[in-house]
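According to TrEMBL, the feature domain 'HIT' maps to 5-113. Residues annotated as motif 'Histidine triad motif' in TrEMBL: 97-101. Residues annotated as active site, tele-AMP-histidine intermediate in TrEMBL: 99.
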Ligand code: AMP
Ligand code: ZN
């Protein structure tokens with residue numbers, strides 16, 4: 001896609017700090033480095049985000065994610081890793097080409113703050129919601 005910054009990275013039209021590449025995916029350091037080793041894993045093929053991908057394409061991407069995450073953790077001496085993929089602007093997506101953020105974690109002051117505002121709906125409300133959301137077949 002001509003006006004996509006990540007397609008330009010795949011095409012080597014703009015530089016990236018690449019750490020892994022194969023025929024389907026590319027992993028490179030995010031220029032903002034929220035935590036040390038903050039890596040983006042992208043598909044070489046342009047998809048807007050995961051919501052646009054079928055099972056085969058997403059399986060190809062996700063097959064490599066645990067290996068790259070473990071490599072980051074082990075190499076940097078991190079104590080954990082967060083995986084984030086923002087889908088659509090409402091979820092914080094700013095680059096509309098599928099990417100997985102891998103964020104090595106070190107301690108509570110490492111720069112990443114994820115806050116879940118928890119609610120406690122009663123069980124019948126949860127059961128009703130599950131009825132609405134149940135998937136018969138994938
Ligand atoms: P998101 O907000 O989930 O769409 O994430 C997009 C990410 O892409 C941000 O964390 C940016 O810092 C990162 N980013 C944008 N341009 C580049 C670039 N040229 N090289 C590396 N990372 C980039
Ligand atoms: Zn693209």
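Keep in mind that glycine also has a Cβ here, set from the backbone N, Cα and C atoms.
Because TrEMBL annotations are produced automatically, they should be read as predictions rather than curated entries.
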Item to check | Protein Cβ atoms within 10 Å of residue 99 (active site, tele-AMP-histidine intermediate), excluding its own | outcome: 25
Item to check | Structural state census, the domain 'HIT' (5-113) (DSSP three-state) | outcome: 32 helix, 26 strand, 51 coil
Next on the checklist: I'd like to know the mean pLDDT over the domain 'HIT' (5-113).
Outcome noted: 98
